[in-house]
Each structure stands twice: as C-alpha cells, then as structure tokens.
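Undergrad: Next up is a structure, given as structure tokens.
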Amino acid sequence: MSIQKIHAREILDSRGEPTVEVDLHTAKGHFRAAVPSGASTGIHEALEPRDGDKKRFLGKGVLKAVEHINKTIGPALIEKKISVVEQEKIDKVMIEMDGTENKSKFGANAILGVSLAVCKAGAAEKGVPLYRHIADLAGNTELILPVPAFNVINGGSHAGNKLAMQEFMVLPVGAASFHDAMRVGAEVYHSLKGVIKAKYGKDATNVGGEGGFAPNILDNHEALELLKAAIAQAGYTDKVVIGMDVAASEFCRDGRYHLDFKSPPHTKRYITGEQLGEIYRGFIKDYPVVSIEDPFDQDDWEAWKRFVFHVDIQVVGDDLTVTNPKRIAHGAEQHACNCLLLKVNQIGSVTESIQACKLAQSHGWGVMVSHRSGETEDTFIADLVVGLCTGQIKTGAPCRSERLAKYNQLMRIEEALGDKAKFAGRKFRNPKAK
C-alpha cells in the first residue's frame with residue numbers, strides 16, 4: 001500500500017528546542033514519527049539544518065526542514081506510489097533527491113522523520129509488530145531484548161556541574177530478563193540518590209538532561225565511587241557493571257585534553273591522550289568498568305588504536321564513527337574501537353542505520369543503540385534494538401518520560417514475546433553467540 005498523505009510540523013523536544021514530527025497516512029491508518037537531536041554532536045554527522053532566524057527559538061527553528069517535507073519530499077513519494085513495505089526503495093528516493101553526502105539539502109531531520117514514519121507504516125501494512133518488521137528488513141530471524149545502560153550520573157555537555165566526563169552508566173547484566181533489569185536499574189538509581197544526598201545534600205540530587213543526577217563534583221573517580229557505593233547498597237555488586245561515555249571531543253583542545261574544561265582555560269591542566277588512557281586503565285582496574293564510549297577526540301585515531309590494543313573492555317565509537325559506513329570501515333581497518341554506537345539521526349534514514357549496524361557486526365564489533373539528549377516521546381529505537389538484536393541500548397536514566405517511553409516499550413515487547421523473549425544479559429557484546 002502506498003502513501004496517501006504526508007504532513008510535517010515543528011514540535012519541541014525534551015530540551016524545549018524545535019524538532020521535526022511527521023504524520024504519514026496510508027489506507028491502513030495514520031503513523032507518526034518524531035526526530036531526536038544531539039547536544040554533544042560529532043563533526044562528521046549528517047547535517048541537521050536549523051533555520052538560523054535569531055528571532056525564532058534563538059535560530060534553532062526547523063521550519064525549512066518541515067517545508068522540504070510538505071512541499072518536496074511528500075508530494076514526490078505520493079506520486080511514485082511505492083509500497084511502504086519497500087523501506088530501502090523509499091529511503092533511496094529521498095537520498096537521491098537530496099543529492100548530497102551529508103543530507104545538507106533537505107537535512108537529516110527531514111529525511112529521517114519520513115523514513116521512521118514509513119517504517120511504522122510498513123509494519124502495519126504487513127500486520128506485524130514494528131520490531132518484527134525491522135528484523136525482517138535486517139534479515140534477522142531472532143529477536144533479542146537488550147541490556148539497558150542507564151545514564152545515572154550526568155556530566156559534560158549534559159549537565160551544569162564541573163564533571164568533564166559526560167555519562168556514568170549502570171548495566172544490569174546479571175538480570176534474568178529485561179523487566180528484571182529495569183527493576184534492578186531503578187533500585188540502583190534510588191540507592192544512588194540516597195548516597196548522593198547523604199554526602200552532598202539534597203540539592204545535589206538535581207537531575208541532568210537525561211535524567212541522571214548531576215552533583216557538582218569535579219573528580220571523575222568520585223562519580224565512580226558513588227556508583228560503586230550505590231550498587232553495593234542496593235545489593236547488586238554481582239549483577240551490575242559500569243559503563244561510561246566520556247565524550248572526549250568536548251574537552252579536547254589542540255590535541256590535548258582538559259578535564260576541567262568548564263572552568264577558565266589553563267594550559268597547565270591539559271593532558272595528552274596517553275595520560276588520559278592511563279586514567280582509563282586505572283578506572284578499569286579499580287571499578288567494574290566494562291564499556292567506555294568516545295574515550296578520545298573524534299580524530300585522535302592513534303590514541304584510540306593504542307587504547308584498544310591495551311584493554312579488553314568494550315570501546316564504543318560515537319563521535320568517532322557517527323553511524324557512517326565510511327567512518328566505520330576506517331575504524332575497523334585501524335582497529336580503533338570494537339563497538340558502534342548507533343544513532344539513527346547521525347546517518348539520517350532507517351535503511352542506512354540497518355546497513356551501518358550490519359557493517360559493524362561484520363567486523364566483529366558490538367552495537368549499542370542510542371537515544372539523543374534532545375528526545376521526544378517517540379519509541380522507535382526500542383523496536384529497533386530488538387529487531388537488530390544488538391543486545392544493548394542506552395536511553396537515559398529511569399527518570400523523565402521521554403527516556404522511560406523507550407524502556408516501557410521494551411517491557412511491552414518482552415511481555416508480547418512471552419516465553420520466546422530472549423534477554424542479552426552477560427552476552428550483551430555479542431548476543432547472538434551460542
């Protein structure tokens with residue numbers, strides 16, 4: 001069944017900033033998708049153009065992207081009468097109409113909004129759940145529930161504290177199911193609130209943009225100590241491990257790293273990539289850290305390679321790879337990381353997201369599906385992670401509705417699958433392994 005009508009509008013994301021929402025109509029019904037947006041963005045991401053009119057939303061409006069959908073993309077797709085189950089064909093039409101490598105003509109936010117809505121319509125057309133449709137598009141027969149990586153302490157560009165490193169996460173790998181993982185994660189989160197309140201006072205339990213706590217601490221070791229104490233207090237030392245998203249590109253200055261970058265610049269505080277790697281190795285030795293994302297700048301390839309060679313944990317590329325096949329291929333060739341962070345809006349279409357995932361997996365990498373800091377109530381990535389069988393997802397703390405929307409959808413999916421539900425657990429890095 002082909003598309004009958006497409007209408008896009010400007011809505012607000014979880015940060016109060018404009019983003020694109022798309023309504024798509026077929027004979028089967030009405031399908032809606034909303035596009036997320038990042039705060040710490042990689043310079044190599046597909047372009048998400050803003051209007052630039054300082055009198056509207058401080059220049060961050062997306063009316064041009066909305067207009068591209070309503071006046072160009074929508075009419076072209078309706079005219080072509082392509083069935084909504086043909087995801088790749090529809091995405092290809094939009095990409096070719098845009099004609100640029102980084103989607104700068106229409107914008108990744110315009111193309112992705114339509115692509116997500118098409119995928120939802122395709123599932124309805126086939127009469128299957130969205131996660132099953134995505135699995136079919138990816139050629140997967142299995143369906144796997146992921147380990148959630150809860151971002152429970154926020155720093156970096158996600159919080160107004162002095163903490164340089166952006167996310168400190170807990171992963172309930174020892175849980176028996178996704179429902180159990182949610183319970184464990186929520187209990188650790190509440191335990192952490194108590195630990196922070198007892199040590200720093202009630203105002204230290206304010207939350208950041210992704211629902212994690214944002215105590216005004218500077219030392220990254222201190223954040224890890226808080227997590228270690230909260231996990232122990234909740235009684236889950238044997239079930240919960242720690243992940244980090246350093247987002248080091250945010251504090252890299254001329255090839256060196258400034259761990260107090262929110263204070264006035266002071267070159268004596270800058271350290272080299274090698275010194276930063278030593279700090280990470282200390283974290284791995286002293287704490288149950290099993291995953292570190294973006295430990296170095298997005299173009300500091302030598303530091304990445306050196307670090308991956310010396311550690312056996314998961315090293316995740318986000319700003320390094322930006323869900324882009326060329327960057328993934330180069331990263332694999334350089335042995336620069338061993339896991340892709342998959343963000344649909346970095347590449348700008350469902351088809352290219354699936355291709356990026358499969359490319360990373362073909363190199364033996366893990367894949368972690370991710371939200372963005374500017375989120376909406378859209379739950380697409382919950383179905384995506386199950387259909388792609390990546391085994392891991394990060395979509396914030398168990399706090400703030402735009403984060404819980406995804407986690408709650410995953411619980412519904414697990415319930416719907418019943419005894420066929422498979423939870424990645426300790427195999428989260430390679431969930432298909434027998």
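Even glycines carry a Cβ here, placed using N, Cα and C.
Marked as N-acetylserine by Swiss-Prot on the basis of experimental evidence: SER2. Positions annotated as substrate binding site by Swiss-Prot, on the basis of similarity to another entry: HIS158, GLU167, GLU293, ASP318, SER370, HIS371, ARG372, SER373, LYS394. Annotation comment: Swiss-Prot describes GLU210 as active site, proton donor, evidence class similarity to another entry. The Mg(2+) binding site annotation in Swiss-Prot covers ASP245, GLU293, ASP318 and is backed by similarity to another entry. Among the features that Swiss-Prot reports, active site, proton acceptor is placed at LYS343, with the record citing similarity to another entry.
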Undergrad: What number of additional C-beta atoms lies within 10 angstroms of the C-beta atom of SER370 (substrate binding site)?
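TA: Looking across every protein chain shown, the total is 26.
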Undergrad: Centre the Cβ atoms of ASP245, GLU293, ASP318, go out 8 Å, and tell me which other residues of that chain have a Cβ in range of the Mg(2+) site.
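TA: Once ASP245, GLU293, ASP318 are set aside, the remaining close residues are GLN166, GLU167, MET244, VAL246, ALA247, ILE292, ASP294, VAL316, GLY317, ASP319, LEU341, SER370.
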Undergrad: Restricting to the recorded positions SER2, ASP245, ASP318, LYS343, SER370, ARG372, which ones have a CA within 10 Å of the CA of GLU210 (active site, proton donor)?
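TA: Checking each Cα against GLU210 (active site, proton donor), the hits are ARG372.
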Undergrad: Quick one: what's DSSP say for SER2 (N-acetylserine), helix, strand or coil?
TA: strand
Undergrad: So which binding-site residues are near LYS343 (active site, proton acceptor), with CA atoms within 10 Å, out of ASP245, GLU293, ASP318, SER370, ARG372?
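TA: Cα within 10 Å of LYS343 (active site, proton acceptor): ASP318, SER370, ARG372.
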Undergrad: Take the C-alpha atoms of SER2 (N-acetylserine) and GLU293 (substrate binding site) and report the distance between them in angstrom, rounded.
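TA: With the alpha carbons as reference points, the distance is 40 Å.
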Undergrad: Compute the C-alpha separation of SER370 (substrate binding site) from ASP318 (Mg(2+) binding site), stating it in Å without decimals.
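TA: Computed Cα spacing between SER370 (substrate binding site) and ASP318 (Mg(2+) binding site) is 10 Å.
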Undergrad: About how far apart, in whole Å, are the alpha carbons (Cα) of GLU293 (substrate binding site) and ASP245 (Mg(2+) binding site)?
TA: 4
Undergrad: Hey, does DSSP put ARG372 (substrate binding site) in a helix, a strand, or just coil?
TA: coil
Undergrad: Which residues does LYS394 (substrate binding site) neighbour through Cβ under 8 Å, counting only same-chain ones at least six apart?
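TA: When sequence neighbours closer than 6 are ignored, LYS394 (substrate binding site) has PRO148, ALA149, PHE150, ASN151, GLU167, MET169, GLY243, ASP245, MET368, VAL369, SER370, HIS371 within Cβ distance under 8 Å.
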Undergrad: Could you give the Cα-Cα distance between ARG372 (substrate binding site) and ASP318 (Mg(2+) binding site), in whole Å?
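TA: Rounded to a whole number, the Cα-Cα distance is 11 Å.
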Undergrad: Validating a neighbour-count step here. Other CB atoms within 10 A of the CB of the residue listed as 'active site, proton acceptor': how many?
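TA: Around the residue listed as 'active site, proton acceptor', other Cβ atoms within 10 Å: 24.
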Undergrad: Three-state secondary structure of the residue listed as 'active site, proton donor' from DSSP?
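TA: The residue in question, the residue listed as 'active site, proton donor', is coil (DSSP, three-state).
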